[in-house]
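Taken from TrEMBL, the feature domain 'NXPE C-terminal' applies to 22-92. Under the heading domain 'Cas1p 10 TM acyl transferase', TrEMBL lists 254-734. The transmembrane segment feature in TrEMBL is assigned to 269-291, 355-375, 395-416, 423-440, 446-466, 473-495, 507-526, 561-579, 599-617, 659-680, 692-711, 731-750.
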């Protein structure tokens, strides 16, 4: 651990993931697009000074600004480059040896009244070895020359970023006869001299020349692919250029997936207030706990002095007060949130980029599938989509989604399309579950609504405060929340049609279908009218909830992607409950859902539909085109799965308790993964134990699952206190919650103003 500065790691260490993906030690590297590079380097002057290897790095660097640049011009001369649109000037200055000429050029920058280059990249040695035939005298002269240049570089480093590029190893077998004297032994001697002199010079100066030594590590892995044994292949040069861009630009643009060289973000006003609140909760709980312990000691059994027997006073077990439960919950939550902050906001733990391989995704999938089958048990009831079955369904889907995220499988389109179906299936269950509840119970009371909204949103609201992220960042919770409110409004508005009323008159069934058709028309209209959708959600204070990066486009995209599946879930629930009421279904233990012939036909059709969708998803070539079709066709695989899972009686009568356990905390798992399992807001992977990937995943997963389970318990405890059944008390609590959010909006506005 070297403190906040991860630049040292970026410039000196790392490893390859696969063949081309470079992973710096401890931090994440952002892949810069040319528009981002221009934005960072606007009005900047960059100078590359050195030999042919530095010239290669120069070309790779300017290709990040303008990919159309060609490597042409005088190889042994100066090469200028200018991007007039962003006022960027990049020069290559041909100085193949560290000698008086190079010193004079660097000295001219220190003495110039005009602006110096903002970035200076220098390095040379191989020409000195070649021209002097690898003599020791040349090495001695190199040391003298670099000793004279070092103070000048230190002087420049006070106002500019100065990098000294160490010499890469060569592939001696491929070197031409004229370069045979350039050996790795000689290169190492020159590098050692440069590092020793530059480091000793920096000890006496606050400014520091940064030694770019990571290029050596990259070259060791790739120099065999060199065309001449001396110069690096293009992919390696691109990696070096990208590292340079990350070193300079990460602290300016602050990309989420570029944690290298980024300082720890300062605490916001809201974060400071949250810290004070949790600290007071912990102190309050400890005080109450100490008072209870003292009372317990006073009431302890005392010895009867007359007969020597121990008398135990009839003291009933003390009931836990509401205040104690509240403080206990916030005490635990405060400690958990501290862990969240340390993992993903403080530069305490390491972060690494994801790297997808088929084995990293499919092997864990097979492993959890075997575990799930091993924990098979009989269900308490055998109805279609009973509670144990839906928990199991949520559980295995959540585990697959977690593996998908940590393995970086979104880059593999067939996997991406199947995961989209799993997200749609969650929303299908939202439509099915909430419709079934309102249809059967007919309970449209405020208590039910507040309970659901609290359980869905509690953790996300806390994370928005502690992690300084907008509500829409945790997109799935806003999605489920809005769809719950749509279902509620659809069924609660006049005329309220519930099962009890519909049983008396079949006309009400048509009335409900009419409501569902109106809902479908509204969904269709909003999905093809982006302007109307954005106007609805751009009104304050809705805009504060649904904006991301200053607009609601991301929210519209997320909503549109699964726009019909909640409706499908509601329609399926209506049809299923109607068939159940008409006693068309056989839901006894071990019985097929329909008659044998009908069950076999439906089962065959379901399997064919399931596999057909998988074949179509696997053959997808374009993500945009497939996403356009997804909302309409995802229901095919969802319904096929439900029928396959429920038509055979023996399949419907069992469930996996392993998957069901995870299903009960699926929402917490989905949200917690953002910060304490993944890192950099899901863009990377949290590293608690560097150097041991498997052990790291095991440890971080264990903590992550325990934390998710504990948060689920805390949410349930607080839901009973914050959302009581008593209506007058509930109204008071709602007023308090409204006051809390009003204060949050006020502090947020103050915070935004101070940022600007």
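Positions of Cβ are set from backbone N, Cα and C atoms, glycine also.
TrEMBL labels come from automatic prediction, so no person has curated them.
A contact between the transmembrane segment (423-440) and the transmembrane segment (355-375) is absent, since fewer than 3 of their C-beta pairs, 6 or more residues apart, lie under 8 Å. Same-chain residues lying 6 or more positions outside the transmembrane segment (659-680) and placing a CB less than 8 Å from one of its CB atoms are 28, 256-257, 259, 339-340, 343-344, 349, 351-352, 372, 375, 388, 390-399, 401-402, 405-406, 426, 455-456, 459-460, 463, 467, 474, 476-477, 686-687, 700-701, 703-705, 707-709, 711-712, 715. Through the fold, the transmembrane segment (269-291) approaches residues 323-324, 327-328, 330-331, 333-335, 337-338, 465-466, 468, 744, 747-748, 750-751, 754 of its own chain, all at least 6 residues removed from its boundaries and within a Cβ separation under 8 Å.
Long-range Cβ contacts of the transmembrane segment (446-466) within its own chain (Cβ-Cβ under 8 Å, at least 6 residues beyond either end) map to 270-271, 274, 333, 337, 340-341, 434, 437, 473-474, 477, 480-481, 484, 488, 667-668, 671-672, 674-675, 711, 715-716, 718-719, 722-723, 725, 727, 730, 734, 744.
The domain 'NXPE C-terminal' (22-92): residue composition by secondary structure is 22 helix, 19 strand, 30 coil, according to DSSP.
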